[in-house]
Amino acid sequence: MSPQTETKASVGFKAGVKEYKLTYYTPEYETKDTDILAAFRVTPQPGVPPEEAGAAVAAESSTGTWTTVWTDGLTSLDRYKGRCYHIEPVPGEETQFIAYVAYPLDLFEEGSVTNMFTSIVGNVFGFKALAALRLEDLRIPPAYTKTFQGPPHGIQVERDKLNKYGRPLLGCTIKPKLGLSAKNYGRAVYECLRGGLDFTKDDENVNSQPFMRWRDRFLFCAEAIYKSQAETGEIKGHYLNATAGTCEEMIKRAVFARELGVPIVMHDYLTGGFTANTSLAHYCRDNGLLLHIHRAMHAVIDRQKNHGMHFRVLAKALRLSGGDHIHAGTVVGKLEGDRESTLGFVDLLRDDYIEKDRSRGIFFTQDWVSLPGVLPVASGGIHVWHMPALTEIFGDDSVLQFGGGTLGHPWGNAPGAVANRVALEACVQARNEGRDLAVEGNEIVREACKWSPELAAACEVWKEIRFNFPTIDKLDGQE
């Protein structure tokens, strides 16, 4: 990218192309407390130096363009430009490096994840000088965090609403995910809640299809909730998916859920979009509804190690946009999820203050100030034999969600729910007594089988089920 300039005497500036690093690579820059900081994994095209590639990322995601423009003289680039302030190698990767970029806060609209992402992960990801680009992490400064409402309620408020303490919450996704009539769907919801689960859930692609329109589903699920509550004395819920083709229709569905008196609704936040999600989160806080978030489409964005965006960034964005639960992988189930990386973004979802810890993929210290936390949801290919590991990995402030692991029980839906509840209670009691779930987990489950034929049957059915595939997106240095 050699400079090619000609002087326009009538204007008094040099037109043409100049190297990005001359303006946007500033290793001497000291970051401000108000800057949004980004860590990018950069794979430049052959012949493009790291400093030029890192500067190009900073430029194209902030104030820069491919050529010099005379209107640069009408503003202060020093005030508004992004800056690549540090570059470090990636262990074991000769062609990759991490570029750290600082963005001034004035570049972003207050309270808008949509605007933040449009800049930081916008056109720059198609830049020809880069073979691949991945956003690994963001530091959201408190000054920007305070412009967001965040989760509608948060962990403590949810526990108080449900009157459930001292253990993970239990859920189940109703299967088959598509094709049931509303009445049969409601029957499955009732059986699972009656058997001991706290929640049941619409699958992410259940919206309002010809076989089951949303209003019918909402009505039969509400009936199931009230009937199971009356019979068990426990507060129950079903994640009613309000995701729709327009924001207006989505809010209409949430309004109907509130009128039914149910405790929680659901949204597919990536396919629905951050603008829609933030709008729904505001409605939920104003109207006392909890909000469950599904991350459908996330693997399109986050699964490949060299290009896209890590889920820890999507998790931070969700905490800003708003949600009380979000799916976060399982580590032990059928879906992708490295253990240390998963534990890292689980902390980013739940905790108020998280220290930088590269061993868990956390590039920046994050202070959420007063923003409520989000419950991570473990879901996907899990069953009763996984209960000790899930309890040990995710702890009490989580939702453990068994779809096939409930509805696949040989005796039916309610016995499947009983099996999961007994296994969970046994694991929590054993942990509270000081037993090591990681070492004694299988023994703890077997002991509980003596008191629960439903659990014994579940253990027999799923004793050989494994999902032993290598993790694709491992932390650096784990290959």
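Count begins at 1; order follows the chain as displayed.
Heads up, the Cβ atoms here are built off N, Cα and C, so glycines get one too.
Note that the coordinates shown come from a computational prediction; the quantities given were computed from them, not determined experimentally.
Taking the Cβ of THR173 (substrate binding site) as centre and 10 Å as the limit, one finds 24 other Cβ atoms among all the protein chains shown. The substrate binding site annotation in Swiss-Prot covers ASN123, THR173, LYS177, ARG295, HIS327, SER379 and rests on sequence analysis.
Less than 8 angstroms from the CB of GLU204 (Mg(2+) binding site) sit ASN241, THR243, ASP268, THR271, HIS294, ALA296, each of them six or more residues away in the same chain. Residues or ranges marked as Mg(2+) binding site by Swiss-Prot: LYS201, ASP203, GLU204.
Classification of LYS201 (Mg(2+) binding site) by DSSP places it within a strand. All protein chains shown were included, and the count of other CB atoms within 10 Å of the CB of LYS201 (Mg(2+) binding site) stands at 28. Per Swiss-Prot, N6-carboxylysine is recorded for LYS201, and the stated evidence type is sequence analysis.
Annotation source Swiss-Prot lists phosphoserine at SER208. Long-range Cβ proximity for SER208 (phosphoserine), meaning a same-chain Cβ under 8 A and a gap of 6 or more residues, is found for TRP214, ARG215, ALA244.
What Swiss-Prot records for THR330 is phosphothreonine, and it gives similarity to another entry as the kind of evidence. For the recorded site, THR330 (phosphothreonine), the DSSP three-state label reads coil.
Of the recorded residues, THR173 (substrate binding site) and ASP203 (Mg(2+) binding site) place their C-alpha atoms 6 Å from one another.
Distance from the CA of SER379 (substrate binding site) to the CA of THR330 (phosphothreonine) is 6 Å. In the three-state DSSP scheme, THR173 (substrate binding site) falls into the strand class. Geometry remark: LYS201 (Mg(2+) binding site) versus ASN123 (substrate binding site), CA distance 36 Å.
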